[in-house]
Structures are given as structure tokens and as C-alpha cells.
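Structure below; questions to follow.
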Amino acid sequence: MIMDCNCIEPPPGDELLTKYQYISDFFIALAYFSIPLELIYFVKKSAVFPYRWVLVQFGAFIVLCGATHLINLWTFTVHSKTVAVVMTTAKVLTAVVSCATALLLVHIIPDLLSVKTRELFLKNKAAELDREMGLIRTQEETGRHVRMLTHEIRSTLDRHTILKTTLVELGRTLALEECALWMPTRTGLELQLSYTLRQQNPVGYTVPIHLPVINQVFSTNRAVKISPNCPVARLRPQAGKYMPGEVVAVRVPLLNLSNFQIYDWPGVSSSYALMVLMLPSGSARQWHLYELELVEVVADQVAVALSHAAILEESMRARDQLLEQNGALDRARREAETAIHARNDFLSVMNHEMRTPMHAVIALSSLLQETELTPEQRLMVETILKSSNLLVTLINDVLDLSRLEDGSLQLDAATFNLHSVFKEVVNLIKPVASVKKLSLTLHLAPDLPVYAIGDEKRLMQTILNVVGNAVKFSKEGGVSIIAFVAKVESFRDARIPDFIPVLNDNQFYLRVQVKDSGSGINPQDIPTLFTKFAQTQSPTARNSGGNGLGLAICKRFVNLMEGHIWIDSEGIGKGCTATFIVKLGLPDRSNESKAPFVHKILGNHGPTNFAGLKVLFLDDNGVSRTVTKGVLVHLGCDVTTASSSEECLRVVSHEHKVIFMDVCSGIEGYDLVERIHQKFTKRQDRPLIVALTGNTNKVTKETCVRVGMDGLILKPVSVDKMRGVLSELLEHRVLFETI
């Protein structure tokens, strides 16, 4: 059956155009449908494209357009040729443009996708940098907290404050619910709860140190998360329905305190404290890595601060002990100084008070000795004089020893004739040796200098003591004195191992050996010979008298002269040899002839009678005034006495050649000297003013020189001594006896 059709049959010439339109619509529809697919692919791959809705709308539009053209494939109608040509041309152009657009998108989309990929890469890098910056900021924040904690911890060196401050600052910085510190006990077997943040639990609670959780924490220096239910973490009340927060623990190294005496610190050699930190209950908060690092750093800082505190406590204890000891030493020193001053004051007073009566005894005895006496009387007078001189020697020795021990005695260095010192010692000792029928020889080496610089009096005193001892302990034979310059090789003597010579230019060491054939010394007694008041136990020593001060003083004098002294003896009955070395100076050749006049032991030389010599004597002591006047009258002097300064100033005249005055009573005598100088303005008209005193301190001599006195003589004074004084004084017009 044939259906009727109202369609207009296209003319045969237009069939080709229709075919072209049909083909064009097909390709246009294909292009329109492909473009949305490409856009969908682009949107899917580009996750950061900001305008997806525009692309969706554009895709829908294109799909609709493609659908329109697809519909045209089935809705062709017959049109005029002109219209058909126009439609065909438009569709062909649309097909060409659509295909070109589709093909172009195929090439453009990968480029667009690559741009978006780089953008995404940069965004990812930016996000990574943001995370790193956040980490840096976190680390800086952690560092700031560490610095704050360290500053707070180290702001004090009190260990209790350090520990309490640590808990408080950690609790504030980390917003902790509780923080506690467990310290090891003295036995080291338990940990004791010592400090808590909230103080909700009493301190003193202990747990065994060998618990597994404690061993786990002590085995590492990192912060360790522990169970909230373990014994060291049970520090807060039950949280009820809330879950307990996370708990970490970290060890705190303790200083090895075994070398310190911190009484309430653990005494074990190596130990740790345990710090426990708890986050708030009922919160989802967890420990972050930077927080754990903060806890570890703070634990190390606490360990350092505790070690400093321990050292400080020990140093403060040592300081307090040292201050106490120094206080005791200072009190002992002041007491010793007070005792020394009291002793020196006592000796000074006793020196003066004893010399004044001794002056009377010796002066009167010497006067009596020059009168007509029976042999028995002469023996008694000589015994009195000998005993008095021994007493004076003892007084001098005690004073010298006292000044040597307190350091107030100083050497009085000056140029002197060294050969004359030895010859004078021999002259003084020879009479005693002759009585005992002992030979006394002196040998001075050819290279021994004639003049030397040193303390002549102390050197002579040392030689006199050593030679006097040799004569005193010898019954037969003799005593020899040898003096020479010590050579360098002689200092290697095994008997002087501690002596180290030190010589400068123009200096030399004098070596003196005194050998005797006396009773000898037991070698075991030799070390005690230089101890004051020490004497050997031999019968000869006990019977010879002496006070045991001579060699002790000699040793101290030799030490002052930077030398050394020792004694050798093979035993009892074999004699002994005393040797000493002292340092002396060498004067310039030009100064040898300018050696000052220094008074020696005054004896009977020069004129023996001073008839007509007018002498004025001032002394407020009547006995001393009478005794001294008697000595001067015995020597032929015309003596005027005065008992006060005013009387002396009133009676003194040009006829008086010498004025002796006792200046022990104070400054009144020194004022008198100045007034006499004012009265006699011309030096040749002024009498010689000489102090007669019992004071042996250097201040007296210095004051006498300062005020212009012409001499100083020490009491006691015998007839022979006064004779020598007057002779030397009139010859040299100056005479200061060495003190």
C-alpha cells in the first residue's frame, strides 16, 4: 500500500546541496558535542579553576546548538535555491569554525592544564612553607619559653626556689593540671614526692625506685609518656566521668654530691630525680613534639641549676666555716699581739727599772774595786761585778730575743772595720781564756776584706757568743777562730741542705769557724742547741752556768743576716766546731776611709784622769744622781748635779764641757736640749749633751739624734766605761752607743 506524501520533491539539481547540508549538520553536531566533553575533562583535571559554572553553562549552550543541528538532519525541507545556497554556505562555515575550535581546544587544553599544574605546585609549596614557618614559629615560641624558664630558674641559686619555680613556670607555660617532682631518698632505694604544683598531695609519699615505669624513664633522656594510673602519676583526685589527661615523665640528672656535705641531699654517687607532668582531664589535648622538647630542655636546665645550687651551698658552707676560722684566727692574732705588746711593755719597763739599780750596783762596785781592799774583799767585789755583768747580759739577751721574735729588731747596716771586730773579740775573750790557761788563736784569710757593710754590733755579738761558749765549755787545750770568704762550692755542704745563697753585686758571704777542745756535745742534743732556754744534759754544761739564750739569739741574728749556723761534734769529750755564714756588703773604695765612728766596748784607754773637767749631771733619781756623781768625781771631774730641767737650765754655763742627762722620764729632757741650744747659740760655746738612759729602743736613739744631742750611753756605767766614754767623747765630740 502506497502512502501519500505531501513533501515537495526537491528538484534534481538541489539534491547535491542537500547532501552537503546534511554532511555539514552532522559535523557541526559532532563538533558541538565534542567541545562539552573536552570542557568537562578540563574542569575535572583543573581542580583550582574558579569559574566552573561558566564552563557548565557554556557546555550546555553548545550541546543545545549541536542538538539543533542534529535535528536538522531529520527536518530538511525544500527551500529555494538561493536560501539553500545561503544555508549551505553558513553551515559549511559553521562546520569549519566549529571543527577548528574543537581542534584548537585539543591543543590548548594541555597548555592550560600545565599552567594550572604549575599554579597548584606553587600553592603546594606555599602551603609547605607555611607549615615550615609554623614549625619555626613553634620552635621560637618553645625557645622563648625555655629562655623564660631558664631565666626564672637561674634567677636564684636556692635549690628549693629553683624546683618550685620550675613547676610553676611549666604549669603556666604548658597549661598543666598537675606537675610534680620526685627526689631520691638518702638510701637511693625510693623516690619521695618532694614538690607539687597544686599541692593537693602531701609531700613525703614514697614509691620504690625499681618500678618498671621508673626504670623506663631513667633509661633515656627523652620525655616518656606513661600511664595516668601508674604510682608516680596518681597525684590528682578522681576525674569522675572525665578521662584523665596524658601524662609524661622525664628524668632530671642530679649532681654527684658525694664530694659535698649537703646534709639534706641524696648521698648516692649517681641518681636522677623524676619530673611528672599531666595535661588537664576531660580534654582531647595531646602532647605535641615541641612541648616534649621543651620539657626535656627544662629538665636539663634544672639539672644544671641544681648543680650550681649544690656547689653554691657547699661554697657558702665553706665560706662560713672559713669566716669562722678566720674570726678565730683573728681573735687569736689580736690576743697574741696584745700579749706581745704586754710582754714588750713589761720588758721595756723592767729593762729600765732593772738597769737603774744595776747601774748603782756596778758603779759602786767598780768604785770599790779601785780602793785598797784585802784579797777577800777584792774577791767579793769582783764576784759582785761579775754577777752584775751576767745579769746585765741576761737582760740584754731577753730584750734582743723578744724583739727578734716579734720582728721589731732590724739590722743597722753601716760600713765598719771587719778585721778590728775580730781583734776586739779576741781582746775581750783573751783574759778569760788566760785564766783557764787556754790558747786563743785568730786566723783571718788574706782575701778577707778589711771593711764591710753590715750590722757591726750584731755580728760582734754573734762572734762573742760563739767564742764565749767555746771558752766556757773548754777546760784545757785551746780555741781557734778562722774567718774567710765562703766559696760557692762550700755551699754544697750536706749539713746546710736548706741554705740557698743569693748574692748581688758588691756582696760576699763571711764564713767563721770556731773550734774548741772542750767537753763536746752528744750528736742527738745538737738540734736543740738553738732552742731558747735549752741546755745539753752533760755535767759540764750544767756546771758552766748560762741561760740557754746565747745560741738561740745567734741563730736569729744569723738568719737576719741571710746566713746559716750549725755545730759539729763527734761526741762527749771530743770538742766541737761551730760554723756560721753571714752575708755582708763590700763598700766602695772611696767610702772605706769614711767609715763612721761607732762606739765599741769601752775600756781603759786614753787619759785616766780628767782633773778640772766641768760636768753637769741631770737625773731626777737621787740614788742614780749620787752614784754617777761619785764615778765622775773619782775620775777627777768637777761635777754639778741637777734634779730638774729648770735647775739644769739655771746652773748650766759656758764653763761646763759635758752635760749628762737621764732622758728616761719623758719629753722634758728633749725640750731641755732645745732650750740649751737656744741659750748657747754658738756651737763652740755649747757643752756636749749626752743622754744616759736605760731605754734600749731605737726611738730613744733617733729622738736624741733629732733634737741635736751629741751622744747616748746605756746604763749601767762602771768606772772603766765612764772613763772610756769621756775619752772618746772629748776626742771625737760625738758618741752614740749602739742599741
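The backbone N, Cα and C atoms fix where each Cβ goes, and this holds for glycine too.
Marked as Cu cation binding site by TrEMBL: Cys65, His69. Residues or ranges marked as ADP binding site in TrEMBL: Asn469, Ala470, Val471, Lys472, Asp516, Lys532, Leu551. Annotated ubiquitin cross-link per TrEMBL: Lys715, in sequence order. For 349-588, the entry in TrEMBL reads domain 'Histidine kinase'. The domain 'Response regulatory' annotation in TrEMBL covers 614-730. According to TrEMBL, the feature 4-aspartylphosphate maps to Asp662. According to TrEMBL, the transmembrane segment annotation covers 20-41, 53-72, 92-113.
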Average pLDDT across the domain 'Response regulatory' (614-730)?
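A mean pLDDT of 86 is what the model gives the domain 'Response regulatory' (614-730).
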If we check Cα distances from Asp516 (ADP binding site), which of the recorded positions Cys65, Asp662, Lys715 wins as closest?
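It is Lys715, whose Cα lies nearest.
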Nearest to Asn469 (ADP binding site) by Cα distance: which of the recorded positions Cys65, Asp662, Lys715 is it?
Lys715
Within 10 Å of the Cβ of Asp516 (ADP binding site), how many other Cβ atoms are there?
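By my count, 24.
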When DSSP states are grouped into helix, strand and coil, how many residues of the domain 'Response regulatory' (614-730) land in each?
57 helix, 24 strand, 36 coil
Find the one among the recorded positions Cys65, Asp662, Lys715 whose C-alpha lies closest to that of Leu551 (ADP binding site).
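Comparing Cα positions, the candidate nearest Leu551 (ADP binding site) turns out to be Lys715.
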Is it possible to get the count of other C-beta atoms within 10 angstroms of the C-beta of Val471 (ADP binding site)?
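Taking every protein chain into account, the count is 20.
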Looking at the recorded positions Cys65, Asp662, Lys715, which has the shortest Cα distance to Ala470 (ADP binding site)?
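Spatially nearest to Ala470 (ADP binding site) by Cα position is Lys715.
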For Val471 (ADP binding site) and Cys65 (Cu cation binding site), what Cα-Cα distance in Å is obtained after rounding to a whole number?
155
If you count the other Cβ atoms within 10 Å of each Cβ, which of the binding-site residues Ala470, Leu551 comes out on top?
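The residue with the densest Cβ neighbourhood is Ala470.
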Just going by other Cβ atoms within 10 Å, which of the recorded positions Lys472, Lys715 has the emptiest spot?
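So among Lys472, Lys715, the recorded positions given, the one with the fewest Cβ atoms within 10 Å is Lys472.
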Write out the long-range same-chain contacts of Cys65 (Cu cation binding site), meaning residues 6 or more apart in sequence whose Cβ is under 8 Å from its Cβ.
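Result: Tyr32.
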Take the Cβ of Asn469 (ADP binding site) and count every other Cβ within 10 Å, whichever protein chain it belongs to.
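Looking across every protein chain shown, the total is 24.
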Tell me the Cα distance separating Lys715 (ubiquitin cross-link) from Lys472 (ADP binding site), rounded to the nearest angstrom.
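So the Cα of Lys715 (ubiquitin cross-link) lies 26 Å away from that of Lys472 (ADP binding site).
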Give me the non-local Cβ neighbours of the residue listed as '4-aspartylphosphate': same chain, 6+ apart in sequence, Cβ-Cβ under 8 Å, ordered along the sequence.
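Counting only residues 6 or more apart in sequence, the Cβ neighbours of the residue listed as '4-aspartylphosphate' under 8 Å are Leu618, Asp619, Asp620, Asn621, Ser624, Gly669, Ala691, Leu692, Thr693.
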